[in-house]
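Student: Please find one structure pasted underneath; my questions will follow.
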């Protein structure tokens, strides 16, 4: 564990576990979480002989709570800084939710940085918000409401999201895991309110269409069909049609936070793709 300082002076926290000569998997977390959200994957792939790396996005987790730069361009630049510092070119990049958008932007923005493969899990691309050119997207008012809830009572908001739609705990018959809810809350409250507030705009209004089209490496897209946060029909399904060399796996009944609730299945499919 340590920090990388970016060209604009932001300290980015990272984890780097495993043998230096092992194949590398670089994990990108979702909003408003941290690298801790990848525990189930990092421990699994460490045992499988990989070197695993994850960072806390600027303003998230243990990274600097800077007030600006909360957009996909800066997110991608921060990833590039970590990659260069650790010398982990040629990694497989795995992103969940907003992290999936970050992966797409990084791969497209840095074509000269070797990347082995990319994985988008419950990811926000190609575009979440409804526009004239994206009539199937979610109304902007949905994201305005997220910002309003964060502004009014961030602590309560960060309990309601994981206790409800994020893990599908609001579905009939679902068994709520309070420790999972509290871990989500803990990660969210570690980060900065300004970063999270601006991050809602970044993940909802960024159009990743051209970035997806530029990706040359193999891409695995994993998405739950019961994702209440990033609906499958407007995201994973469309992204699979935009990438040149993509594979889509959808999971009936799986929620947005499936890397946690369905870790065994997700890890198995990730491992098969990475080793293929």
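In case you wondered, yes, glycine gets a Cβ from its N, Cα and C as well.
Grabbed the feature section from Swiss-Prot, which reads as follows:
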- 97: active site (ACT_SITE)
- 227: active site (ACT_SITE)
- 256: active site (ACT_SITE)
- 23-254: domain 'AB hydrolase-1' (DOMAIN)
Student: Measuring Cα to Cα, how many Å separate residue 97 (active site) from residue 227 (active site)?
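Tutor: Rounded to the nearest whole number, the Cα-Cα distance is 11 Å.
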Student: Given residue 227 (active site) and residue 256 (active site), what distance in Å do their CA atoms have, once rounded to a whole number?
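Tutor: On Cα coordinates alone, these residues lie 5 Å apart.
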Student: Measuring CB to CB from residue 256 (active site), give everything in the same chain under 8 Å that is also at least six residues away in sequence.
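Tutor: Listed in sequence order, they are 97, 122, 165, 166, 167, 168, 224, 227, 228, 229, 230.
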Student: So what's the mean pLDDT when you look at the domain 'AB hydrolase-1' (23-254)?
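Tutor: 98, rounded to a whole number.
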Student: Mind giving me a neighbour count for residue 97 (active site)? Other Cβ atoms within 10 Å of its Cβ, every protein chain shown.
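Tutor: That number is 27.
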